[in-house]
Amino acid sequence: MNTVRVTFLLVFVLAVSLGQADKDENRMEMQEKTEQGKSYLDFAENLLLQKLEELEAKLLEEDSKESRNSRQKRCIGEGVPCDENDPRCCSGLVCLKPTLHGIWYKSYYCYKK
């Protein structure tokens, strides 16, 4: 019976001493991994920031370009007076001097091309 107790006590002491050493090693490993994780997080954050900036630049570029499908705003329709220097006629219309009718009003009107 004493042999069992001594064996048990010996195994217990070894487990506690080795467990304590493993605990210190684990703590050091966790600190190293945490430091590495921070550097990885910084790298990932910078990469994400670059991608977001590229995406923002693309979106702003697309907004600045005029789409073919976009509707013209504040354009002048056919037969409406326009300014010779700043014609705002709708697409398919040109600002021209009128022939016969309308010559007594303004000097230029929007007409079909």
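Glycine residues also receive a Cβ, built from the backbone N, Cα and C atoms like all the rest.
The record in Swiss-Prot pairs C95 in a disulfide bond with C82, which is drawn from C75, C82. Of the listed segments 39-60, 61-82, Swiss-Prot assigns region 'Disordered' to 61-82.
According to DSSP, C89 (disulfide bond) is assigned to a strand segment. Around the Cβ of C110 (disulfide bond), a 10 Å sphere holds 21 further Cβ atoms from the protein chains shown.
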